[in-house]
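A.B. asks: Got a structure for you, questions after.
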Amino acid sequence: MRKMLLFCILLLFMPQFTVSESCLPSWFRQERSAPEQLQSAENAAENSGSVPPDTSRNSLETNEIGDAPSSTSTPETPTETTISEAGDDEKRTEEVAKELIEKEAEYEGEYEDEKVDEEVEEALKYNEDATQDATSTLKPAVRKEIEKLKEAKCKDYCHHNATCHVEVIFREDRVSAVVPSCHCPQGWEGTRCDRHYVQAFYAPINGRYNVRLSTMSSTAQLLVQQSSTSAIPAFAFLIVMLIMFITIVVYAYRRMSKRSDDMTYTMSHMCPPEAFNVLKTPNGRHIPVHQIPSCSYTIPTPGTVPPNISSTPGSRIPTRQQAIRNNEQARNNFFSILRSQGTIPSRSINDDDTPKHYKSVPRVEVSAINYSGHIDFSTVSYQSTESEVSKASVTCPPPAHTVINIELDSADTNFRSPSRSSGEQGSPATCEPMIRHT
């Protein structure tokens, strides 16, 4: 609401703050003021009864565009203020025009000076006359010395009709250095204009190159010619790269084959073929039994010698079910004894001891028996068999203490497991150890 009130107040006071039409030309303001004067004249005539003039009215109502009235022409009813304003405007425009003309003249003078300076610089670079003009401020003795140096330095220095000029460096009004330079004509380049100019290929032609080589030593010429014309380095590089590639391939192939051999050895080492015959013949070798009691063996006493094995009839082949049951019991007791004595390792395998490339191999945990020592079998029963007798089997009485020595090299007698289910006949001179069934 407060903003609306402020806006209304500004609208009321706006005509007082409006700026007069000072930016418009004087003749346009005079034409704008003419209708107001005409209206006031008509009102006065109506009141007095006289007829106003129609000249200005007709000129305004026709709406024709013509030339602007001149500043000298005065309206029919001019005022002193309009005449003074018109004079001031004319003075201002004249002053502005003069300023513009002066600035343009200054810019043209500066441009001409720059152009002259550029021409002088070019003349100093490429013109002998300009060089002489530049040295005109020097002493005559110095000028003569420069001319002598120029003749001495520029003689046979530039080729192919090139323009030669010297750059003289003064120190304490004395000539300290003279540097000749050549301005080459079209088609030549170089410090002495001795090379053909080839666009986008900045290399000397073969003839000039050979001429330049003549100034070198013999060894340098040979090296430059060999490096520019021979392809031996490129072929040598290709051969070296080929040898390196073949070496890398052979090394990788050997490494892969070695890894496969290690894996095969590890698999065979972890699961040897002899491990599957451990129950029948441990380690696949014959086991000699030093102390084997006879079938009619009784509990020995100290100082007595056990009798030999009797082959009397009365023993028979064990039945299939009894053999299988005895085999399972013997297997459990046999492995428990070996594991308790530290011969067979535990089933758990430490992953830290296994190589990394073996962890991904499927593992078969089969423990092979490699035992050389004494095994103490307590409560081991024996049974002798004979093919001719079909009576009930006679069980050997269990000895108080039986020691079996397992050796690797001897192969006197055969230790046969009661796992035979095919009904093979046993030897009458041997007794098979049996685990007592409870």
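Glycine is treated like the rest: Cβ placed from N, Cα and C.
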A.B. asks: Based on what Swiss-Prot says, identify which of Asn161, Asn370 is the N-linked glycosylation site one.
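C.D. replies: The residue tagged N-linked glycosylation site by Swiss-Prot is Asn161.
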A.B. asks: According to Swiss-Prot, the disulfide involving Cys184 connects it to which residue among Cys164, Cys193?
C.D. replies: Cys193
A.B. asks: Cys164 pairs with which of Cys154, Cys271 in a disulfide, per Swiss-Prot?
C.D. replies: Cys154
A.B. asks: Pick from 294-322, 410-438: which range has region 'Disordered' per Swiss-Prot?
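C.D. replies: When 294-322, 410-438 are checked in Swiss-Prot, region 'Disordered' belongs to 410-438.
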A.B. asks: Please state whether DSSP places Asn161 (N-linked glycosylation site) in a helix, a strand or coil.
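C.D. replies: Reduced to three states, the DSSP call for Asn161 (N-linked glycosylation site) is coil.
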A.B. asks: Compared by Cα position, which of the recorded positions Asn161, Cys182, Cys184, Cys193 is the closest one to Cys154 (disulfide bond)?
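C.D. replies: For Cys154 (disulfide bond), the spatially nearest of the recorded positions is Cys182.
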A.B. asks: Sort Cys154 (disulfide bond) into helix, strand or coil using the DSSP assignment.
C.D. replies: helix
A.B. asks: Between Cys184 (disulfide bond) and Cys158 (disulfide bond), what is the CA-CA distance rounded to a whole number of Å?
C.D. replies: 8
A.B. asks: Around the C-beta of Cys193 (disulfide bond), how many further C-beta atoms are within 10 angstroms, looking at every protein chain?
C.D. replies: 21
